[in-house]
Structure formats: structure tokens, C-alpha cells
Amino acid sequence: MAAVEQVSSVFDTILVLDFGSQYSHLITRRLREFNVYAEMLPCTQKISELGWKPKGVILSGGPYSVYAADAPHVDRAVFELGVPILGICYGLQELAWIAGAEVGRGEKREYGRATLHVEDSACPLFNNVDSSTVWMSHGDKLHALPADFHVTATTENSPFCGIAHDSKPIFGIQFHPEVTHSSQGKTLLKNFAVEICQAAQTWTMENFIDTEIQRIRTLVGPTAEVIGAVSGGVDSTVAAKLMTEAIGDRFHAILVDNGVLRLNEAANVKKILGEGLGINLTVVDASEEFLTKLKGVTDPEKKRKIIGNTFIHVFEREAARIQPKNGEEIEFLLQGTLYPDVIESISFKGPSQTIKTHHNVGGLLDNMKLKLIEPLRELFKDEVRHLGELLGISHELVWRHPFPGPGIAIRVLGEVTKEQVEIARKADHIYIEEIRKAGLYNKISQAFACLLPVKSVGVMGDQRTYDQVIALRAIETTDFMTADWYPFEHEFLKHVASRIVNEVEGVARVTYDITSKPPATVEWE
């Protein structure tokens, strides 16, 4: 098999080393917004194992104290790369601590907005950055400058809010330029990536299509076959279309009806993908197999792993059934994994812990016989939507709300049965139907109904009822890393609740989830 270049080897790349800040992913997003490719890895990344050389390195913020015994620290080999380095918040303190300066608790913690004063206008990091509002989030502070560094910026409470090495392109800032509250933060990040690191602004979806198609062809070769999971969602559809563009009929799209799909989903997917996009599609009804294995299981992590493992078994079986005309065996399994999936599943001792196994990157068998191919794993959601439109996929499909790989199984809290799935499925259908009628669908990033494992007393007619509870969720987000709940009008929620209680047998009560991410995740399980 020919060697396949990583995206970070094809495009000039800024490496973001994550120390656990809730804002770390925003650094990557901001850089990509001005067409510079950025990749985030844990701060524990060994530079010798990287396999590519970044144009520059950014050390993120984090919740630790650099002087603590259990504090995470960057691989010192990063300083041997000979590339510019920018430390943000904890990253500044890490740079100073490594250089021998004293870092300790501040007299008072500094959270929220502050006024930045640029002290060194000649510093290239602050080119076209004036005194402005910045966002602070720290309890520790630098007590003295490290040797060979000078001050570039200050705030009222931070005399070393910006520092720079006297002769090397090493910079530190105590504030967070990646958040929108820092009014000129994007300019500062662009100065670092484009002016200081000299990273080419070539990261566009047009360029990505050409690069990724070539990568797929190199990876798969001229004869191998690929089998791909599709669900009718944005991610799997874009991945399937991209694969079809790359290898044509050697790609076999498979829809597994796992018994926990949306209402009429199998028929709709067959029409849209098969007839509309010309993708060769096979529908496999494995609903009984999935539901049987889920019987009696209530733990959400176990559900995910069961669904992931069963999914792989079904695909291996289907791959064996399909006989390619050229006699080659199917070698690859396509998945529509996105970059947020990868970020959320990173787990290392210290700054970050896995919140839950992601349905696209977790729950896979160790002995999986098919090789995984994930052409979208470097992309955020908005990038995937843009890519889909460039590939000729309809606006309606490209902007369809996400649907999780485990489907309604993680929207039925508790044991998953055919009856419980049907209740959640019907409630969800009514909810989405009303959102569309109200003209709100494209204003909302994701919406769904889930069935709670509790019962509630109700009154239907003159009869007392004791039935289940539906929770509705709708969120607004740009990247699914953070999200706010959608503020529906009360009359809208009243109407939806009335329809669900009256039309879905077994439901006595409807609630609306008003929790943001963080602290909650988008899905309940």
C-alpha cells in the first residue's frame, strides 16, 4: 500500500497543544477561519512521535497550576523544533516556569473582561492590535519576568499580561484571544499564524476536496473496495459522496436499520441517496439483532459499545456477502467521524478526561477485520456542510440536524425496547415537524425528543393515568463543542407538548431541557 500523507503534512499547520482549557478547540477554529490549518493534540504529545513539523505551536490554557506536583508539562523537545511558540494563559505560565521564573497564586483571581494596554507596539504579535478588551480566566500569575524576556502588554491586575523573548519567536499572553470577548483576539492569532509563523492560508474546502480525493485513491489503491455506513445524516452522506467521487462504483454504501432510526428513515435514505445522489445503496434490516442484544441493558456506555460492536459485526457480514466484480475483497470501512468527535474522545492523565465514548470513535472491536477510513476526521461541522454543498448535495440535506450513531437507543434512557423506541420516535417526529412548520429548523443546530426512565401521574378525560415523560431538547451552536439551549416561545412549547401527549400513547408529561453545553452534553446519554 502506498504511503498516505497526513493533512498536516499537506497543509501548513499550527499545532495546538491542549492543557485542558474549555476554550482550546476555539483556538483551532479561529485559525481555520482565516484559512490556516490547525490541529489540536494533548499537551502530553511526544514531539518525536508527531510525524510532521508544524509551522508554529500554541500552548493552550488549562485548569492546573504549573508549580503543582501533578501539573502537566509540555515535551521540552517542542523548543528544539525551531518554530514560533505562543503560550496562552496557562501556556504563558508554562513558558515562564520552564524558563525559571516564579509563578504563584495571584492576590485575587482574574475572570472576565479586562482592558489590555499594548506596551511594545513593535512586537509583531500586536501588529494592528490597540488597547482593547480581552477575556481573562486565571487565578495564578507570573510574579517576575523570566530571563531574556520583556513585557509586551499589561492590564490593571497583570503587569506581565504579554511577554516575548528578546531574540527568539516565543510569546506569551495571559488572556484568551480565541474567545469573542477579546475584541481583537482574532487579529492577534492571525498575526501569530500568518505573519510570524508564515503559514500559508490555503486551508479551503475546495483545496480539501482535491487533496482528500487523492489521499483516498492512494490509500485504497486502484482495485480495493470500500463499504460505507450511511444514515441519511449530514456526516455520513458527505463522506459517502466524497468516497463515490474518489473511487466510483468500488464504494458500497450500506444503511443498517438497527431498529433505532428515525421515523421512515430507511425509505427516506434510499430515496435521497440512492435515487437523488446516485450512490449505490443497500439496506440491511438488522433491527431484531440490535434490539435483542440491547435487552436488559441500561448503562449508556454499554449501549454504545453493544451498538458499536454489533454494527461492526453486521458490516463484516455484509462485506463478505458483497462480491466485487473484480474479485477483490472489501478492505475498508468508511465512517463520517468529525474533528469534535476526535477531540471529545481524547483522554490522557491530567488536563482532560473522556466524558463519554463517542459513537463514531468508540465501541469498535479490537479484532475488526475491516480497516477504518475517516475522510472527515479533520473537519468541524460547518466545514463539512460547506464541503457537502461543493459536492452538489442539496441544501436541505446538508443542513439536516445531526443524528447520533447509536440512534434513538441513547434517547431512550434506561432499557431499550421496541415499544420504548416507538414512543421516542413518534414524539421526536411531532417535535421536528412543528419546528419546521414554525420556520425554526435552520435556526436550530439540533433538536430531538428523548424518553425518560420515570413515570408521572396524569389525567386523560376522567381517567387517572400513570405514564412516561418526554424531554425535548434544542440547541444553538457553531461547532457542537459548546452550545446554548434554544429559547422557544412558550406558546410553541405548549402546542408541541399538547400534540405529543394527545397523539403518542404512553406519554403523560413533556418537559423542555434548558441546560447549556457545558455543563451538559448535547445528548442525554
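Any Cβ shown, glycine's included, is placed from N, Cα and C.
Copied over from Swiss-Prot, here are the features:
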- 13-202: domain 'Glutamine amidotransferase type-1' (DOMAIN)
- CYS89: active site, nucleophile (ACT_SITE)
- HIS176: active site (ACT_SITE)
- GLU178: active site (ACT_SITE)
- 203-400: domain 'GMPS ATP-PPase' (DOMAIN)
- SER231, GLY232, GLY233, VAL234, ASP235, SER236, THR237: ATP binding site (BINDING)
- ARG304, ASP462, LYS517, GLU523: XMP binding site (BINDING)
Original post:
By a simple count of other Cβ atoms within 10 Å, which of SER236, THR237, the binding-site residues in the record, is least packed?
Top reply: SER236
**OP:** Give me the non-local Cβ neighbours of VAL234 (ATP binding site): same chain, 6+ apart in sequence, Cβ-Cβ under 8 Å, ordered along the sequence.
**Re:** LYS381, VAL384, ARG385, GLY388, LEU397, VAL398, TRP399, ARG400, PRO402
Original post:
In angstrom units, rounded to an integer, how far apart are the Cα atoms of HIS176 (active site) and CYS89 (active site, nucleophile)?
Top reply: 7
Subject >> Proximal but sequence-remote residues of the same chain as GLU178 (active site) (Cβ under 8 Å, at least 6 apart) >> reply: TYR23, LEU26, ILE27, ARG29, ARG30, ILE88, GLY185, LEU189
**OP:** Determine the mean pLDDT over the domain 'Glutamine amidotransferase type-1' (13-202), rounding to the nearest whole number.
**Re:** 91
Subject >> Number of Cβ atoms other than its own within 10 Å, given for HIS176 (active site) >> reply: 23
**OP:** Quick one: among the binding-site residues ASP235, ASP462, GLU523, which has the most Cβ atoms sitting within 10 Å of its own Cβ?
**Re:** ASP235
Original post:
If you count the other Cβ atoms within 10 Å of each Cβ, which of the binding-site residues ARG304, LYS517 comes out on top?
Top reply: ARG304
Subject >> Cβ atoms near GLY233 (ATP binding site) (within 10 Å, other residues, all chains) >> reply: 20
Original post:
What Cα-Cα separation, expressed in whole Å, is found between ASP462 (XMP binding site) and GLY233 (ATP binding site)?
Top reply: 43
Original post:
Considering all pairs of residues in ARG304, ASP462, LYS517, GLU523, annotated in the record as contacting XMP, what is the maximal C-alpha distance expressed in whole angstrom?
Top reply: 41
Original post:
Roughly how many angstrom lie between the C-alpha atoms of SER236 (ATP binding site) and ARG304 (XMP binding site)?
Top reply: 18
**OP:** Compile a sequence-ordered list of residues in the same chain as GLY232 (ATP binding site), six or more apart from it, whose Cβ lies below 8 A from its Cβ; state 'none' when nothing qualifies.
**Re:** LEU255, ARG262, GLU265, ASN268, VAL269, ILE272, LEU273, ARG400, PHE403
